[in-house]
């Protein structure tokens, strides 16, 4: 059987080990070819090929349910659940999603994108099954990185107290998340997988035995001895999970189909919660990825032979993340109070550079955004200048801590929100749409966004120097605009002050962050139609520069707000509130992301679909100006 013939995972039933190995090779080949061509997650999926095949051969996927934590390791799952023919569309507009998506396949039982959710969701399914008197298996596959997340440990704690609730947790232990794992749990798991008795008993035991004199004759007795020794070792290394109420099995060689099949069959016999500890290699089967597991966690299109990214058509300016990291390092070198904090995203945020240069001023808390926020709050209490560098979408996970531990106590924590706005191929779980809305409503919070990478440097200085309370800066994924950068001598910006970039009497364009450059392009287009626009770089969504905005709105009378974020509760809403508070009844048109999910596509495709290209915005503004009402005031 060829991989292309598999449209249902139950077709794996009855296949021999040899046939499964052939399918495994074909999965890796398809996986590599697709990611090399279009980009995507590489290492995670390559590491779970045998795990996926062995697990699915022991399940009835017409009724049993498997949830993959995060989902970026689920490419093999997608390839054997009817998506082989469309897999070349991976992460492309209207194509196969890069993560699990309930709308995409009946085999994607729970959507994901953020870590540590699988055990909770699978336990919920198991409890619902039992309440309805049904009979199917529920399985969570979770990485050792995600297992460090508090939510996963909360679910383990709950499930362990339900001895008659049948569920299986598979711990995919490759000693990595995106970057190398940190923390006591990671250290414990590493000790388990490297335990000498288990290493000895797992490494080609039978093959080595047969090479000894009389090896064939004593093999049965020694295999029984091996089993006893391994159970003794496991009783020690699996003690934490056993004490929490799980039956622990492992560590198991995650690339041995024989061992995986036997283990999963055994695990399915237990009535209560079971944890199978599977040791895998991230990037398995592609030597370049195995040797550099951080870089090859995910890749843009690359050359399979060399592993190097395919050259772009033209050189790009440095990314916002790179400018952020390099500027932060220079500030940290001059102030030992400055500490960079990340939640398992050192490479993505650029803080790996800070770690390399100033390791004592760098903290990685693991996949623990809640802890990162309150840790920063505690450091701020002692006069430190904590800089929490985190993706916009992931800061959502620490929201209560932002309110309870930072804002209520008015502590000077600096939140740097990378990947704010439209991020592209990762889809709705990773879009940075909501931070303006969810931070703007919090007392004491200051919010700013740079128009370009040079202003990011100024805002970084502003945030670190600001000691009157919490402050946040959002900035996008990808390259800057190519403006000149200063090596030093940055001056902090006055809090809550905007800047006027262009003057005109026909329409007021109030832009925030990345939309400032677009507003300038729109103004150029409007000029060609005889329309003169005032363009304002708001800089701050909170506090708004009402001293500048209110008189301009009164004078010009037609206001358009521009933001790369959700419209409900966003920057445009803030402007509307300010105008109403000042009894200015100028018409306001808010342009941004409407109240909908933004699916996976390139950022340019998403912006075009949302009407956020310069030409689309200019056309909309021209339509507004056909009937321009005069400004008025509330009586």
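Here the Cβ of each residue, glycine as well, is placed from N, Cα and C on the backbone.
For residue 114 (thiamine diphosphate binding site), applying a Cβ distance below 8 Å and a minimum sequence separation of six or more within one chain yields 70, 393, 394, 397, 429. Positions annotated as thiamine diphosphate binding site by Swiss-Prot, on the basis of sequence analysis: 72, 113, 114, 115, 145, 146, 174, 286, 369.
According to Swiss-Prot, the feature Mg(2+) binding site maps to 144, 174, an assignment based on sequence analysis. Residue 174 (thiamine diphosphate binding site) falls outside any helix or strand according to DSSP and counts as coil. Its Cβ taken as reference, residue 174 (thiamine diphosphate binding site) is surrounded by 24 other Cβ atoms within 10 Å in the chains shown.
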Distance from residue 144 (Mg(2+) binding site) back to residue 174 (thiamine diphosphate binding site), taken between C-alpha atoms, in Å: 7
CB contacts for residue 72 (thiamine diphosphate binding site) [other CB atoms within 10 A, all chains]: 24
Taking residues 72, 113, 114, 115, 145, 146, 174, 286, 369, which bind thiamine diphosphate in the record, the widest Cα spacing (Å, whole number): 32
